[in-house]
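Annotated active site, nucleophile per Swiss-Prot: 12, in sequence order, evidence recorded as similarity to another entry. The active site, proton donor/acceptor annotation in Swiss-Prot covers 14 and is backed by similarity to another entry. What Swiss-Prot lists as Mg(2+) 1 binding site is 12, 14, 209. The alpha-D-mannose 1-phosphate binding site feature in Swiss-Prot is assigned to 21, 123, 134, 141, 179, 181. The annotation Mg(2+) 2 binding site is assigned in Swiss-Prot to 221, 223, 226 on the grounds of similarity to another entry. The feature N-acetylalanine is assigned by Swiss-Prot to 2, with similarity to another entry given as support.
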């Protein structure tokens, strides 16, 4: 059972509310709206706002009390924009260009079954780096993910970057199936907690699938301000929520 007092449920998106990069099912959407009648709900993801809308609906800011794209660097509360940070102002153009150039050079040397386009996506609060390219098809995405599980393509890439850019104040975080994020230290999903902790919640529950060390849910999952739950699929998320709140 849930702890007494005002509480908030924060959900990761991919692998938690939806299948990776897929739209939320009607059943899951309806369940969350019923859950919202009992507890405040919010979403926090690494993707930009447009991708969150693609997965959770154009009216996402009306369906959730909090919406935190890009780890909360872009923040909505009660349907209104709270703030928007940007990575270039924090890191400076020189470091960003060094990082982009190095990543492109590394990707050029990787031999994969397939490569597509959009290898680096520049977002407000991070760079998203994809060895296969974000424009790959769903079938190609799955093919890369299965290969990555065997050969640790992203993990090796990240380890190389950590050595090359040591001391530069950068965090490298693997999430989803085909990419990893690069952002300033402290700009992981914990960033969104700064927006909600002043709203008086006694308990902040967090649900995510990439909660292991190196995963992009790990920091917020282990943060003392949250009660974390690891899930493997949206069905897990629903089951745990039903046990806690229904």
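Including glycine, each Cβ sits where the backbone N, Cα and C put it.
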* To do: Count the Cβ atoms, other than its own, that fall within 10 Å of the Cβ of residue 226 (Mg(2+) 2 binding site), considering every protein chain shown.
  => 22
* Candidate with the highest Cβ count within 10 Å, taken from the recorded positions 12, 14, 223 -> 12
* Asked: Near residue 21 (alpha-D-mannose 1-phosphate binding site), which recorded positions out of 12, 14, 209, 221, 223, 226 have their CA within 10 Å?
  -> 14
* To do: Whole-number Å only: compute the distance from the Cα of residue 221 (Mg(2+) 2 binding site) to the Cα of residue 209 (Mg(2+) 1 binding site).
  => 10
* For residue 179 (alpha-D-mannose 1-phosphate binding site), which DSSP three-state class applies? -> strand
* Tally every other Cβ atom lying within 10 Å of the Cβ atom of residue 141 (alpha-D-mannose 1-phosphate binding site). => 20
* Going by Cα-Cα distance, pick out whichever of the recorded positions 12, 14, 181 is nearest to residue 226 (Mg(2+) 2 binding site). => 12
* To do: Starting from each candidate's C-beta and looking 10 angstroms out, tell me which of the binding-site residues 21, 123 has the most other C-beta atoms.
  => 123
* Rounded distance in angstrom between the Cα atoms of residue 179 (alpha-D-mannose 1-phosphate binding site) and residue 12 (active site, nucleophile) -> 16
* **Which same-chain residues, if any, lie at least 6 apart from residue 209 (Mg(2+) 1 binding site) yet have Cβ under 8 Å of it** => 12, 14, 15, 16, 215, 217, 230, 231, 232, 233
* Run through the Cβ atoms and count how many others sit within 10 Å of the one on residue 134 (alpha-D-mannose 1-phosphate binding site). => 19
* To do: Enter the number of other CB atoms within 10 angstroms of the CB of residue 221 (Mg(2+) 2 binding site).
  => 22
